[in-house]
């Protein structure tokens with residue numbers, strides 16, 4: 001009854017204040033008409049001046065037993081809605097919301113007509129509109145690949161001069177792969193096969209373009225060439241409903257090839273992306289490497305899909321983790337990190353979590369999920385309800401609202417919540433006769449035997465081998481799955497109940513697997529801890545042995561013949577390969593663009609250039625090409641952690657200070673207040689050098705650092721002493737802080753240059769050129785032999801907020817990689833364990849870790865044994881670089 005009242009509140013306000021506009025703006029109590037409101041970018045592509053919310057809500061009215069309102073709504077749609085508008089819309093959104101809404105409305109309309117009480121006047125008008133819209137979407141498929149353009153003009157199509165679209169080259173995987181249910185249903189309802197053919201062709205193309213070694217797909221693809229543009233892969237935004245539609249296409253259409261494709265992808269998802277209870281994006285070419293450290297809220301649909309597939313355990317785990325996040329923030333943030341902090345704070349009243357809650361309740365019969373649904377209802381009423389409807393959350397942390405109520409809120413949220421609480425007698429039809437689209441529209445299962453114009457040739461088996469034991473259940477059966485154990489779901493949830501607030505998800509991810517009936521999965525390299533006896537036992541079984549080196553590190557060596565079985569030997573090989581990839585990843589991430597401290601005063605005149613680490617705050621020297629130039633002065637107190645007592649010596653100069661005892665940002669604020677024009681922090685670790693330790697960025701203090709405007713650089717002890725020695729000997733020492741060293745002509749432009757510098761310029765340039773060539777050869781040599789390098793890891797307690805090159809809270813310290821072995825630091829010898837990959841909650845969520853690595857050329861390099869050609873290795877490197885650059889863009 002509460003759900004019905006809430007629906008009435010939202011629906012009646014839309015009809016009263018917004019109709020015929022596409023959506024309701026609940027804060028200002030008016031309709032959102034495209035072109036009359038400020039553009040919101042891609043979000044507005046769902047709006048086509050076709051009364052979107054009304055069409056999207058049609059079958060919800062019938063599910064909620066509001067047949068009278070449904071009949072009125074259908075009449076309004078038939079009379080008022082125009083699909084021939086000169087407007088550019090999203091093919092994906094228009095398909096799932098409008099075409100799906102019309103087909104769902106038609107499905108329940110003919111069901112009501114057959115029952116003989118309502119809709120006796122109905123003569124397929126919604127289906128005719130759906131067919132008209134289907135033809136308007138077809139021009140988007142005019143590509144060589146068969147993948148549709150992401151947008152189409154309802155009146156002019158794609159290529160028409162007045163279409164204002166058709167220049168796009170990329171589309172998301174979900175955008176092209178979430179068509180088959182609606183298009184096939186349209187073909188089956190009308191007998192016109194072209195729609196199903198186009199949707200199948202798009203799905204076939206994506207399948208052919210999957211990454212063959214990992215069986216994963218990327219987020220965005222070029223619609224003309226089929227090249228992957230974004231090569232990260234997950235189950236959230238950009239890919240989500242592609243997987244959903246493969247499984248549901250099998251259920252609706254009965255085509256075995258769709259199930260086999262889904263099962264192939266699902267195996268890859270569970271192998272690489274699933275890290276219970278987390279689902280983390282990975283690279284399609286390097287699936288053992290996480291592509292990001294946060295998850296988006298759209299993945300909340302995945303537990304529901306796992307229920308449909310019959311894999312209940314991971315569905316319960318992920319759902320419980322998401323519920324803990326909701327209990328912390330009242331709603332699911334648009335994105336949150338692996339340690340459950342808010343990444344993107346909005347929440348547009350998305351229904352995916354309610355969807356998974358409904359399916360889990362259906363599968364388990366556990367009343368716990370009714371309590372979850374009750375929490376959702378209470379939070380919506382308490383935090384999102386406004387006088388004119390329900391408003392999206394602009395920030396879940398503050399509770400601020402946004403003036404939007406998307407159509408999917410009425411189409412999905414109330415449908416799933418009502419079904420969660422409804423008994424069979426509350427329904428006027430059997431919901432089991434229908435399948436839900438991704439927008440929760442209802443399509444009847446009898447379509448599978450109607451107008452079958454597509455041959456169901458199976459092209460999969462000839463090149464795909466699957467372990468069938470993973471696919472025993474395609475639909476759950478509560479009588480079979482839970483006959484004797486009503487506490488089954490609770491036993492899985494229990495270890496996760498404090499996962500957000502108190503404990504580390506990584507600790508649950510593998511430790512609880514033994515509760516399951518299946519075989520325990522192999523140990524993942526990112527989970528490995530040398531101090532864990534259980535991990536050591538698993539390594540032994542895989543034929544991996546540990547050797548403690550004299551310098552305190554631990555070396556891993558695999559001997560396949562010592563493994564317990566051939567399968568264990570394969571697991572061991574995978575473990576070693578992942579460890580090497582993690583090492584390679586860390587080395588790449590730590591190659592930060594260095595900054596330069598150039599001593600320009602007598603007698604150096606720009607010849608001494610010191611490698612410096614940048615800061616995450618203050619002036620960005622890469623954007624100020626001239627840099628900052630000034631004389632240096634040591635501050636008092638030398639640590640810079642309190643008010644500077646010698647401001648007259650520091651004013652208009654570059655301050656020198658020692659690392660330690662407070663945050664970097666605090667030092668910067670103190671010297672800036674004293675009038676300094678820049679700062680150099682010198683490491684207090686005796687003997688440290690940029691030659692042997694990777695640079696790191698000086699991090700902020702967790703607060704807003706926009707008030708810091710001066711440049712700050714970090715010098716290791718060895719480089720810092722060069723400046724300090726120069727100050728002791730020459731007193732007045734002038735330096736230039738810049739993104740890279742400047743040539744002497746630039747430094748002394750307009751100034752007198754000593755003769756011996758002019759005379760030696762040519763000699764120095766020749767020397768520079770030789771050094772550059774040597775560096776180039778050296779770099780090529782080192783890169784080519786990177787698989788044969790030893791990398792040792794030192795992990796220490798940071799004294800202040802520094803971050804490693806990766807700058808991620810869950811970055812993995814690089815293992816030592818030898819020609820046939822991997823070395824790690826001896827984790828028992830130091831105060832911390834250096835292999836804590838997923839979130840380092842042993843340190844606390846807000847305590848960063850400094851990770852330093854040193855690289856030594858290995859004498860074991862044996863190129864005679866290499867089978868991978870140099871071209872292939874270089875291609876891999878370029879691919880990795882592209883992937884990491886794309887990750888950086890995604891973060892921005």
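Glycine too: its Cβ is placed from the backbone N, Cα and C atoms.
Residues annotated as active site, proton donor in TrEMBL: 93, 334. If you look up TrEMBL, you'll see 240, 352 marked as active site. According to TrEMBL, the feature Ca(2+) binding site maps to 438. What TrEMBL records for 769-781 is compositional bias 'Basic and acidic residues'. The compositional bias 'Low complexity' annotation in TrEMBL covers 784-795. Taken from TrEMBL, the feature compositional bias 'Polar residues' applies to 846-862. TrEMBL lists 632-722 with the feature domain 'PA'. According to TrEMBL, the region 'Disordered' annotation covers 769-869.
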**Report entry** For residue 93 (active site, proton donor), the number of other Cβ atoms found within 10 Å of its own Cβ
**Finding:** 24
Report task. Count the Cβ atoms, other than its own, that fall within 10 Å of the Cβ of the residue listed as 'Ca(2+) binding site', considering every protein chain shown. Result -> 26
Report task. For residue 240 (active site), just count the other CB atoms lying within 10 A of its CB, please. Result -> 25
Report summary line: Counting other C-beta atoms within 10 angstroms, the emptiest spot among the active-site residues 334, 352 is 334
Query raised in the report: How big is the Cα-to-Cα gap, in Å, between the residue listed as 'Ca(2+) binding site' and residue 352 (active site)?
Result: 9
Requested in this report: Taking only the Cα atoms, work out how far residue 240 (active site) lies from residue 334 (active site, proton donor), in Å, as a whole number.
Outcome: 14
Requested in this report: Grab the pLDDT values for the domain 'PA' (632-722) and give me their mean, rounded.
Outcome: 89
